[in-house]
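Note sheet for the following structure.
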Amino acid sequence: MKSRPLTLLRDDLVDYDKAMERMAEMVIERQEDARPDTLWLLSHPQVYTIGRRTPSDHLPDPTHGIPVLETTRGGQLTYHGPGQLVGYLIVRLAPGEGVVDYIREVEHRLIDALSHLGVPAERRDTPPGTELLTGVWTATTARKIVSIGMRASRNVTSHGFALNVDGDLEPWKWAVACGLPEVDMTSVLREAGRGDMDEVRDVVATAFEARADPLQDRRSLPENRLRPGDLEPRIRRV
């Protein structure tokens, strides 16, 4: 795997719609060569997001009160919430490189990070005619620990991955995650018996060769950060 250093941005809990606004701005900045390749690490309040191919019968039970938001990324339904590390990747693809090629690299880098956290992991090839198996699974328990959904516009990627660290896994059971009715979602805490967000964030940043820029770090959304107790999302429902 070739070296691909990234600039690291870090935030704590950021409302999903505000994050999408800022990510769109960063994509334009990268397309115009006004910013370097960037990894933005953050978390979101509780929200389900759905890709364009998500069937209506995969949507969650609305009685749980978690908003559902349409998104432009690839993939199907996923869940975000506190205790999950989200990584948005704003990266210019190399000549001849497609977004699927880059997703394979993302999977391998996350597998490397998980190995350092004591969680043996693997990616899976998709058999012809079956649902796309993008993401990362645990090697010993065959549970899914990372969801990935990305797209590319004018040769620059957006969206990224969600790694379950120590959050509540119950909301995954209230919908069909990733188009896989039988999928068993897991977390670093469940697999390794511990899940420290600060440690996981540092290990993931290292796996992606991502380093903070003193001029940009922790300045991605200064006016939009949420306090840990401020968990009411302000986004439209599907």
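Keep in mind that glycine also has a Cβ here, set from the backbone N, Cα and C atoms.
Around the Cβ of CYS178 (active site, acyl-thioester intermediate), a 10 Å sphere holds 26 further Cβ atoms from the protein chains shown. Under the heading active site, acyl-thioester intermediate, TrEMBL lists CYS178.
If you look up TrEMBL, you'll see ARG73, GLY74, GLY75, GLN76, LEU77, THR78, TYR79, HIS80, SER147, ILE148, GLY149, GLY160, PHE161, ALA162 marked as substrate binding site. A strand conformation is recorded for SER147 (substrate binding site) in the three-state DSSP classification. Residues within less than 8 Å, Cβ to Cβ, of SER147 (substrate binding site) and separated from it by at least 6 positions along the same chain comprise GLY75, THR78, GLY135, PHE161, ALA162, ALA177, CYS178.
Annotation source TrEMBL lists domain 'BPL/LPL catalytic' at 33-216.
Around LYS144 (site 'Lowers pKa of active site Cys'), taking its Cβ as the centre, 21 other Cβ atoms fall within 10 Å, counting all chains. Here TrEMBL flags LYS144 as site 'Lowers pKa of active site Cys'.
TYR79 (substrate binding site) sits 13 Å from LYS144 (site 'Lowers pKa of active site Cys'), taking the C-alpha atoms as the reference points. Taking CA atoms as the reference points, ARG73 (substrate binding site) and LYS144 (site 'Lowers pKa of active site Cys') are 19 Å apart. On the 0 to 100 pLDDT scale, the domain 'BPL/LPL catalytic' (33-216) averages 91 in this prediction.
Counted within 10 Å of its Cβ, the other Cβ atoms near LEU77 (substrate binding site) come to 25, all protein chains included.
The two recorded residues, LEU77 (substrate binding site) and LYS144 (site 'Lowers pKa of active site Cys'), have Cα atoms 14 Å apart.
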